[in-house]
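Taken straight from TrEMBL:
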{"type": "BINDING", "residues": "Cys125, Cys130, His201, His206", "note": "Zn(2+) binding site"}
{"type": "COMPBIAS", "residues": "1-22", "note": "compositional bias 'Polar residues'"}
{"type": "COMPBIAS", "residues": "23-34", "note": "compositional bias 'Low complexity'"}
{"type": "REGION", "residues": "1-48", "note": "region 'Disordered'"}
Amino acid sequence: METSSPSNLKSINASASNEKMASNNSSSTLISSDKLSKNTKTLRRNRPGTKFENAYQYPHISLEELDSAFALQEYLQSLIRTDKENIDALVQLPSGQDRESWQYEHLRQLCLELTFLVVQLSTECTRETCPEMKADEWMYLCAMHQAPIGCCAIDYIVHTLDAATTLLNSHRYFPSRISIPPSSLKHYQQIARRLYRIFAHTYFHHREIFESFEASVKEIPLCVPL
């Protein structure tokens, strides 16, 4: 019958102890990883070097999961990324939210996306080709001066978009994005009416650009943080 020497017993005990510690460490690692997977939130940012076609590919998030001051903006943009052609879902007022604040976010988003249209127009809509701001037979004067005057179409468009953006970011008229002062609601119709003229001019006088822009809206995410 073979017997183990004291040195061999120490070696066996040390090996068993090491295996037990490794097992405990492995269990701890699994537990820590499990906790991490449950507690980790999706980082809703584009990593440096992300290609445009791969941008903003993080999953849709419900409004209840958003706790920032810009929750409605983030939620609207998430809806657009998820299904930009589902108009009913895009305009549906979220439960428990203020209707005026929801309309405000839509106006901000419209201004943001119109900047992409202006870039396309700038190659064709010039002072020479469109000396007046017209939509079919209608002509519009630019109200962004001390007195309304006639502007070439591209200047009218830029002035109108700049004015709408400035107004929507004004702390005087819109001090909060959570609650809109009743006195500021009168600006909604004015902004929407003037922005509509940009679409009208493009449709009647730059039909190819209008159709190209419509197609690009269906293919690429235009919603980015303001």
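Note that Cβ sites are derived from N, Cα and C of the backbone, with glycine treated the same way.
Keep in mind the model is a prediction, meaning the values are calculated, not measured.
Feature map: annotations from TrEMBL on the structure.
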residue: Cys125; record: Zn(2+) binding site; CB count, 10 Å: 23
residue: Cys130; record: Zn(2+) binding site; CB count, 10 Å: 20
residue: His201; record: Zn(2+) binding site; CB count, 10 Å: 25
residue: His206; record: Zn(2+) binding site; CB count, 10 Å: 21
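One way to see the shell of the Zn(2+) site is to take the Cβ centroid of Cys125, Cys130, His201, His206; the remaining same-chain residues with a Cβ within 8 Å of it are Leu121, Glu124, Thr129, Ala153, Ile154, Ile157, Thr202, His205, Ile209.
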